[in-house]
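One structure is given below, encoded as structure tokens.
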Amino acid sequence: MILMLVQVILIMIFVIQSIAFVTLYERHLLGGSQQRIGPNKVSFMGFLQAIFDGVKLLKKEQMTPLNSSEISFILVPGIFFIVMYLEWFVLPFFYDFMTFEYSILFFLCLIGFSVYTTLVSGMVSKSKYGMVGAIRASSQSVSYEIAFSLYLLAIVMHINMFCFFSFFNLSLFIVYLPFLFMVLAELNRAPFDFAEGESELVSGYNVEYSSVAFVLLFLGEYGALLFFSTLTSVLFFGFSYVVIYCMFTILVFVRSSYPRFRYDLMMYFFWFKLLPVSLIFLGYFVIFLF
């Protein structure tokens, strides 16, 4: 029991420390893509910039909107972070105190539930920008989650089990590019960052949050980014830390290179392009592997 608690705490420490440094890594990559240096003043080459930014955020005052439910407003960011944290337990590489036989099904439940935290956070903030961002996130999730579930079902058919594990198979490379599009949509990253949409919605669903609540939302967002980089490494390339950071770099460069889609084009892309392709992949694995 004590060993299990120690491993759970170590996973949380690992995730939070990783988030601190991948955010710094992202800011340097975005700076390089725009021909500027990026953060380089705090300590050696800005190495501790993310830690000082976190301390500064924690010192800010948390303001609750006048007509908002204070309890819901405070609880939602914590639930958002917990959902992200639970996602790490579907990958059997960071702990050894249990065997998760149906980790893929548990993962589908988590990503289905995660959109509710975004939706509720926008609703309880009583802000028109937050509300529009929440509605966008919910309709966006309906668009990609069906295709995403079918892709994972095709992978289940291929590996003949409901548990994530590390393997390397060339036949799954055809699924990688569509999977990348759906990961971008799940993470609300450009070009599918409609829930935030800085140029349209100020900051979207988290526009009213500050201090600890914003830190939890931030940790949840970037923790999910790091998790999906790890998941992609596990599914398509074998578990490798090099592949994890290569995948993270790809996600950052997509943000710096591509503008935001039009909302109707995003819906059309997932419903009429990726969904039929996912059905084709599923039919292929069912017919030729069984």
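A Cβ is built for glycine as well, from the same backbone N, Cα and C atoms used for every other residue.
Residues annotated as transmembrane segment in Swiss-Prot, with sequence analysis given as evidence: 2-22 (among others).
Taken from Swiss-Prot, the feature transmembrane segment covers 73-93 (among others). Counting residues 6+ beyond its ends, the transmembrane segment (73-93) has Cβ neighbours under 8 Å at 11-12, 15, 62, 64-65, 99-100, 103-104, 106-107, 110-111, 113-114, 117-118, 120-121, 124-125, 163-166, 208-209, 212-214, 216-217, 219-221, 223-224, 227, 230-231, 234, 239 in the same chain.
The transmembrane segment annotation in Swiss-Prot covers 104-124 (among others) and rests on sequence analysis. Cβ atoms under 8 Å from those of the transmembrane segment (104-124) belong to residues 68-69, 72-73, 76-77, 79-80, 83-84, 86-87, 90, 130-135, 137-138, 141, 145, 148-149, 152, 155-156, 162-164, 186, 188, 195, 204-206, 209, 217, 220, 224 of the same chain, restricted to positions at least 6 beyond its ends.
What Swiss-Prot records for 142-162 (among others) is transmembrane segment.
Feature annotation from Swiss-Prot assigns transmembrane segment to 164-184 (among others).
The transmembrane segment annotation in Swiss-Prot covers 212-232 (among others) and rests on sequence analysis. Beyond the ends of the transmembrane segment (212-232), by six or more residues, the same chain brings 15-16, 18-19, 22-23, 54, 57-58, 60, 62, 73-74, 77-78, 80-81, 83-85, 87-88, 91, 114, 117, 121, 164, 176, 179-180, 183, 186-189, 206, 239, 243-245, 247-248, 251 to within a C-beta distance below 8 angstroms of the stretch.
Counting same-chain residues at least six beyond the ends of the transmembrane segment (234-254), those with a Cβ under 8 angstroms from any Cβ of the stretch are 22, 25-26, 29-30, 33, 91, 93, 155, 164-168, 172-173, 175-176, 179-180, 183-184, 187, 189-191, 225-226, 228. Feature annotation from Swiss-Prot assigns transmembrane segment to 234-254 (among others); the stated evidence is sequence analysis.
If you look up Swiss-Prot, you'll see 269-289 (among others) marked as transmembrane segment.
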